[in-house]
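Annotation source TrEMBL lists active site, proton donor at A:K206. Annotation comment: TrEMBL describes A:L11, A:G12, A:C13, A:G14, A:V15, A:V16, A:G17, A:S18 as NADP(+) binding site. Here TrEMBL flags A:K106 as NADPH binding site. The domain 'ACT' annotation in TrEMBL covers A:352-442.
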Protein chains: 2
Amino acid sequence: MRSRPLKVALLGCGVVGSEVARIMTTHADDLTARIGAPVELAGVAVRRPDRVREGISAELITTDATALVKRGDIDVVVEVIGGIEPARGLITTAFEHGASVVSANKALLAQEGAALHAAAEEHGRDLYYEAAVAGAIPLIRPLRESLAGDKVDRVLGIVNGTTNFILDKMDSTGAGYQEALDEATALGYAEADPTADVEGFDAAAKAAILAGIAFHTRVRLDDVYREGMTEVTAADFASARRMGCTIKLLAICERAADGASVTARVHPAMIPLTHPLASVREAYNAVFVEAEAAGRLMFYGPGAGGAPTASAVLGDLVAVCRNTLAGATGPGESAYTRLPVSPMGEVVTRYHISLDVADKPGVLAQVANVFADHGVSIDTVRQQGRDQGGVAASVEGGGGRREGGEASLVVVTHRASDAALTGTVEALRRLDTVRGVASIMRVEGE
Amino acid sequence: MRSRPLKVALLGCGVVGSEVARIMTTHADDLTARIGAPVELAGVAVRRPDRVREGISAELITTDATALVKRGDIDVVVEVIGGIEPARGLITTAFEHGASVVSANKALLAQEGAALHAAAEEHGRDLYYEAAVAGAIPLIRPLRESLAGDKVDRVLGIVNGTTNFILDKMDSTGAGYQEALDEATALGYAEADPTADVEGFDAAAKAAILAGIAFHTRVRLDDVYREGMTEVTAADFASARRMGCTIKLLAICERAADGASVTARVHPAMIPLTHPLASVREAYNAVFVEAEAAGRLMFYGPGAGGAPTASAVLGDLVAVCRNTLAGATGPGESAYTRLPVSPMGEVVTRYHISLDVADKPGVLAQVANVFADHGVSIDTVRQQGRDQGGVAASVEGGGGRREGGEASLVVVTHRASDAALTGTVEALRRLDTVRGVASIMRVEGE
């Protein structure tokens, strides 16, 4: 075993960074045995040097992150500051000065992954980022190594714990969105400004990373269709239950049926209660992977938090240190398929549409004609939580009546393209008899 | 990219081997791109050379496996013949002749893992075996790489698809063991001789492998306590349901509370319906991992079958080929903790015990005294599927009466050592008032 320690520079010492430093200290002997050499914390770059950081020697603390990564004796830079800059510049500088990098930065990887991989390769260094997606859950490594001999067709996942907590609360207690968000905030699951989570930006970054790795192509954040979950209502959950479903905010990466393109998207969707993702509760994450030979796999665990994220960072740190000792590098970017990312319009799935319609004869026929005109096949039509009878009763045994001459129709379609569905909804809105489109939700996981 | 192909020798061409060969042919371009060099099937050793093997050139087929691994130009030997010999000898010979090895052989790895790892290390080659445990589910790699910076405390898994299929059938249809086994056999989930599966030998081999990797110590097949599931009855499932549980055949690897030893065991156990493992249906496998920093993770997927197992083999093949090109090796055996494996008597868990007892006053007091004498604390006592009243009614509100003067008691304990429980049961059998011990089952996953 070599005695000169591998030197690690830690950029950022917040919730994750302090946990990384703590484990490096308390589990130093285990890390040494697993790596084959001691590993030493050589410097910690922070913004607020005066804050007390238990267990970290004061002389390791610096506010000059650039000088730290330029030192020249650093083997691995661990970047847990997040955001685009200064993280991007520091990582690039680290490669230039001979260090490998372990990052937990999903936003940066989603936006600049290709450039960072190129920089790593140019300098013969590693870029690992298991912690960037789904916290402690091993996902990047299984996708890029365990499934390296397989063909991934679909990745379907709950990759944001905050929104899963909120949706789980709405589902289990009947609470509305705001009430559930307030609880999530009070319990520390949601940040003061929850936008990145509830509007799906966080999940979209993860979807971009997962799609790129799964399909061996480049998928940027801008390629990911994104819809938040702030408009999901208690009524949507009631509708979902009637269909034997619940609602989750899903990141979905798919290979097109012809194999010639891929799609990546984030939006709330109904999934059957029998689907393994339906039972993922609270702030847990889970990712379902469908591969040609492997079949259906699921990876489940805590998707965030200091210790779980630190676990993923340290797993990468051990791997990068082993590679360093071996004079080798791990798998780099694999983007050889160069598959184009199709726009949302080409995504094919099922839809659950709630319409407020006039309660008079012929309405169902009108509505059904609009779907038919756009090539969208209807699976079922039914009443939504109103008295039996009305519009659709004579035709399909469903339909609902409101006392003031208005009724509610719920249409569930067979698989159709998003473009066809969008065209259908636009045409429905133009019908005099359609008073409003109460909600449109995709149905996944069937 | 290097143009000389990496040469692969395939040992065995049954369900898994033929699928490995098929994917190597049909996905050759993808494998080339992911490895960085073409990979070529250089020979296939089989027992019956006259069998038609679609897609495999006849001149690749040989019955002389030893000559194949000795050729000297083989980069990777893929061993999917199973069993101890000739697999053990062939793998050793492969290392001696400069090849790395990918194996799916759980029995061999459980029994001879240490020696094989030593041989691989001596010759500077790789030994990978993701396919040996839980088929396509990435588990070995996550445990030995993703969690390399964490401390695993427990691995709790369903690692045998045949027995999970049988138990799931019993649970969902009320069938008895034999009826469910017959269905599994008819559907191809159970072999003509199901002993290795239903008696837990297969799961025990996997438990040995998982425990060794999880705890960085050597755990041999003989170290694993093993109980089959042939004596699980429909009545046990009824009892389990009453407790809000189901029954699974579990492989359980645990670090002792004081951290100074580990245990590994396979037996049927009750687990709460709310536990993620409870909803693993049919022949699926799932493994729950509890780690200090990562928290609770679960890995789920098909645990057997030609294509899923081939997916795992090919993932390893890509990794080993990449290592070969880089002139490096992946992680070898990690057994530095040298933690002893404690005997079953030291395992601490909860128990569900069904007793047939005489229906007369004082029986519950006698029974309770026996538990107390052995330091086993009782959580609940209740009637098992009989009329209310009787033995225990006056004390605990439970207990059951049989018309012929016999009653049934179900005792659920708090956590106690297996040795204490065994002593308790022996003493209970000596009581005149205890007519029989109908079943003893451990309660896990709480």
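Glycine is no exception: its Cβ is also placed from the backbone N, Cα and C atoms.
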In the structure shown, which of the binding-site residues A:C13, A:V15, A:V16 has the fewest Cβ neighbours within 10 Å? A:V15
For the NADP(+) site given as A:L11, A:G12, A:C13, A:G14, A:V15, A:V16, A:G17, A:S18, which other residues of the same chain have their Cβ within 8 Å of the site's Cβ centre? A:L10, A:E19, A:V20, A:A21, A:V46, A:V80, A:I81
Pop the mean pLDDT for the domain 'ACT' (A:352-442) in here, whole number is fine. 82
Counting other Cβ atoms within 10 Å of each Cβ, which of the binding-site residues A:G12, A:G14, A:G17 scores lowest? A:G14
In whole Å, how far is the residue listed as 'NADPH binding site' from A:K206 (active site, proton donor) when you measure between their Cα atoms? 6
Which of these recorded positions has the least crowded Cβ, counting other Cβ atoms within 10 Å: A:S18, A:K106, A:K206? A:S18
How many neighbouring Cβ atoms, not counting its own, are there within 10 Å of the Cβ of A:L11 (NADP(+) binding site)? 26
Integer Å value for the Cα distance linking A:S18 (NADP(+) binding site) with A:K106 (NADPH binding site) is 19
In angstrom units, rounded to an integer, how far apart are the Cα atoms of the residue listed as 'NADPH binding site' and A:V16 (NADP(+) binding site)? 14
